[in-house]
Amino acid sequence: MKELIDLSNLPRHIAVIMDGNGRWAKKQGAARVFGHRNAIKSVREVTEGCAELGVKYLTLYTFSTENWSRPKLEIDALMHLLVHTIRGEVPTLMENNVRLTAIGNIETLPKECRSELAEAVRLTENNDGLNLNLALSYSGKWDILEATKKLARDVQNGTLTPDQINEEAFANALATEGIDEVDLMIRTGGDHRISNFMLWQLAYAELYIMNDVLWPDFRKPHLWEAILTYQNRERRFGKISEQLVK
Ligand code: IPE
Ligand code: IPE
Ligand code: MG
């Protein structure tokens, strides 16, 4: 299936809502955390899969602003898992020439998480293959509000006029500054919603919802299938079919 992918028409930016860990665990009578632990293999698969193909950006929705409302036990387990995973994955990231970045309200993460993250970001900063971007304590509304505050401050201190706030200026004030908008958004777990993910950046993304796959079961062939579906979609960006250069 991989060989059917047109490498000249890859999505430049893939974003994933990695959903269904809890249900996956529950199905086998285990605690939700068991699902989170088994999600790591899927993260490795999607990252390697994107790196191998030559996808430029991969953003993974890892922990949302709203996820802070979960039971403390689950939050603690997730943060613990995050620290250990980041630490353990650095060699694999180096091997695959992957640069790690993060977006979100990072200050709200536990100290150990922040330091592990900062260290991994530093160690991989010169890799020029795939950019793996983790959305952590992130939400689309948060991102838009932060960007708005930044622009308002620039107007206040006289470095920007209100009329200069165009799409480009706004995009550059978002946490994803310098990263292309999302071409393909994959969501596992079957829920047909955005869950406050990258609201601005998803404006023209092709949505690929997997109804029968929970995140811990996600493997490279699922990624290939999603990309093939993407390549069969007609992205019109408001135009009519006949206007598109084939
Ligand atoms: C996604 O899986 C992981 C996170 C949100 C951190 P869930 O934990 O939401 O699993 P379900 O949706 O309850 O099955
Ligand atoms: C979205 O999943 C957040 C992440 C995958 C990190 P949720 O499970 O939190 O989404 P809702 O609550 O079902 O919308
Ligand atoms: Mg969920």
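From the backbone N, Cα and C atoms, a Cβ is placed for every residue, glycine too.
Database features (TrEMBL):
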type	residues	note
ACT_SITE	Asp19	active site
ACT_SITE	Asn67	active site, proton acceptor
BINDING	Asp19, Glu206	Mg(2+) binding site
BINDING	20-24, Arg32, His36, 64-66, Trp68, Arg70, Arg187, 193-195	substrate binding site
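Feature annotations (TrEMBL) mapped to structure.
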residue	record	CB count, 10 Å
Asp19	active site	22
Gly22	substrate binding site	19
Trp24	substrate binding site	24
His36	substrate binding site	23
Thr65	substrate binding site	19
Asn67	active site, proton acceptor	17
Trp68	substrate binding site	12
Arg187	substrate binding site	25
Ile194	substrate binding site	16
Glu206	Mg(2+) binding site	19
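Among the recorded positions Thr65, Asn67, Trp68, Arg187, Ile194, Glu206, the ones whose Cα is located within 10 Å of the Cα of Asp19 (active site) are Arg187.
Ligand 2 lies under 6 Å from the Cβ of Asn67, out of the recorded positions Gly20, Asn67, Trp68, Arg187, Glu206. In this structure, the recorded positions that sit close to ligand 3, with a C-beta under 6 angstroms from any of its atoms, are Asp19, chosen from Asp19, Thr65, Trp68, Glu206. Asn67 (active site, proton acceptor) and His36 (substrate binding site) are 13 Å apart (CA-CA, integer value). Close contacts with ligand 1, defined as a Cβ under 6 Å from any of its atoms, occur at Asp19, Gly22 among the recorded positions Asp19, Gly22, Ile194. Cα-Cα distance from Ile194 (substrate binding site) to Asn67 (active site, proton acceptor): 14 Å (rounded to the nearest whole number).
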